[in-house]
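Enquirer: Sharing the record's features from TrEMBL:
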COMPBIAS  44-55  compositional bias 'Basic and acidic residues'
DOMAIN    236-369  domain 'EamA'
REGION    25-55  region 'Disordered'
TRANSMEM  80-101  transmembrane segment
TRANSMEM  113-130  transmembrane segment
TRANSMEM  142-165  transmembrane segment
TRANSMEM  171-192  transmembrane segment
TRANSMEM  199-217  transmembrane segment
TRANSMEM  229-253  transmembrane segment
TRANSMEM  265-284  transmembrane segment
TRANSMEM  300-322  transmembrane segment
Amino acid sequence: MDALKAETEKIRLMYEDKSYNLDVRPDSRSSERTLLNMSDTEMEEKRRSTDLEKEAAEGLLPKTVTKDKVTEDPLARAKLMFWMVVNTVATVMIVFCNKAIFTDKSFSQCQAAFASFHFFITGGTLYMLSRPTFAMFEPKRVGIPQMLPLAIAMAGNVVGMNLSLQISTITFYQITRVLLTPCVAVINFFFYKKSIPRSAAYALIPMCFGVALISYYDQKPAPVAGAPIRAVGGLSVLVALGSVAVSGIYTVWVGTYQRKYELNGFQLLFNQAPLGAVILLYVVPWTDKFPALDQAPTNVWLMIALSGLLAAMINVSQFFIIGNAGAVESTVVGHMKTCLIVVIGAFTGGRVITDKAALGIMLALCSIFA
């Protein structure tokens, strides 16, 4: 009898406590539950939730920076612009840096080891950013068997890009990368039944035609007596198209994995980068040929260190841009990087662009913006 009175008194006190809100929204998971049939644990959780809501309303808790917040806050807008500049500069620099590394005969056959090095640097950077000092994201672990297909696709994506960059000109490499857009559209259409607007599909046609022109009329050597115009080799085209196909699969899988395991970009990359690095270490003995380390030029070692730093900067800045500005703004930054790399590569490659190759570049770039 005393226990019944105590329980009745507890219920009466709960009704008189104004910190509890008895109005339950229809779409809430607890729409059919009231304070009368809650356990003590559930009531305590509800009290803590209410306290957190009050603290957030009073400004005692940190607020998430949204796109609207970035637009209104000059400091946040300046920070976003800073990371956009970092991402653009780092991307342009890493293309030319990697091209110089792979052109050197000492490291021309170290594709897998180089990609593994980048993954280890990225994983270490993300680990530091997850520590309380920076607290940019909270790690969330996913099992190795579940992450293995994505890690393999990530490794193939990077190795394919490096190999394409090694045997192609910078202009051809960068322009063929724009085929990633139609490749992703095709994969989504046939495997996930997702379509794109008809106007966007029409814009992809001149893009593919432009890349085809560049593939055949890439660039000719600088004017030399009797020097013929050199077309891109069949191996370069095959490797470039294969690299784009692997990149398309990887891009689609990234979105699928994020939805399936409820991960943000940092959490997903934190799971797959170290795993991809370890996978490539098993591939290195079969594919790579290391030079005599004491014979490698010092400037190449410096470029390798710079490349690892640039890779980490690109990954961190890219996810910051997407998270704080959105996909559209990130795409615009990507267009700007493509234009800069194509223009700089055309003027620094020691070659003269043919008229037909120039037409292909213009078609591809116009299709990107369209």
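Note that Cβ sites are derived from N, Cα and C of the backbone, with glycine treated the same way.
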Enquirer: Report the listed stretch (80-101, 113-130, 300-322) having the maximum count of Cβ pairs within less than 8 Å of the transmembrane segment (265-284).
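Expert: Top-ranked stretch among 80-101, 113-130, 300-322: 113-130.
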Enquirer: With the transmembrane segment (171-192) as the reference, find which of 80-101, 142-165, 229-253 contributes the most Cβ pairs under 8 Å.
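Expert: The stretch I would name here is 229-253.
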Enquirer: If you average pLDDT over the domain 'EamA' (236-369), what do you get?
Expert: 80
Enquirer: Examine the transmembrane segment (229-253) against the transmembrane segment (113-130) and state whether at least 3 Cβ pairs sit under 8 A, considering only residue pairs 6 or more apart.
Expert: no
Enquirer: With the transmembrane segment (113-130) as the reference, find which of 80-101, 142-165, 199-217, 300-322 contributes the most Cβ pairs under 8 Å.
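Expert: Per the Cβ under 8 Å count, 300-322.
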Enquirer: For the domain 'EamA' (236-369), DSSP counts of helix, strand and coil?
Expert: 116 helix, 2 strand, 16 coil
Enquirer: Could you give the residue numbers and ranges of same-chain residues that sit at least 6 residues beyond the transmembrane segment (300-322) on either side and whose C-beta is under 8 angstroms from one of its C-beta atoms?
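Expert: Contacts of the transmembrane segment (300-322) (Cβ under 8 Å, skipping residues fewer than 6 from its ends): 80, 83-84, 86-87, 90-91, 93-94, 97-98, 100-101, 104, 106-107, 114, 117-118, 121-122, 124-126, 129, 264-266, 269, 329-330, 333.
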Enquirer: With a Cβ cut-off under 8 Å, give me the same-chain residues at least six positions beyond the ends of the transmembrane segment (142-165) that come close to it.
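Expert: Counting only partners 6 or more residues beyond its ends, the transmembrane segment (142-165) has Cβ contacts under 8 Å with 95, 98-99, 102, 111-112, 114-115, 118-119, 173, 176-177, 236, 239-240, 242-243, 246-247, 249-250, 253-254, 257, 261, 263, 268, 271-273, 275-276, 279-280, 283.
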Enquirer: Same chain, outside the transmembrane segment (199-217) by at least 6, Cβ under 8 Å from its Cβ: which residues?
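Expert: Sequence-remote neighbours of the transmembrane segment (199-217) are 171-172, 175-176, 178-179, 181-182, 185, 229, 231-232, 237, 240, 354, 356-357, 359-368, 370.
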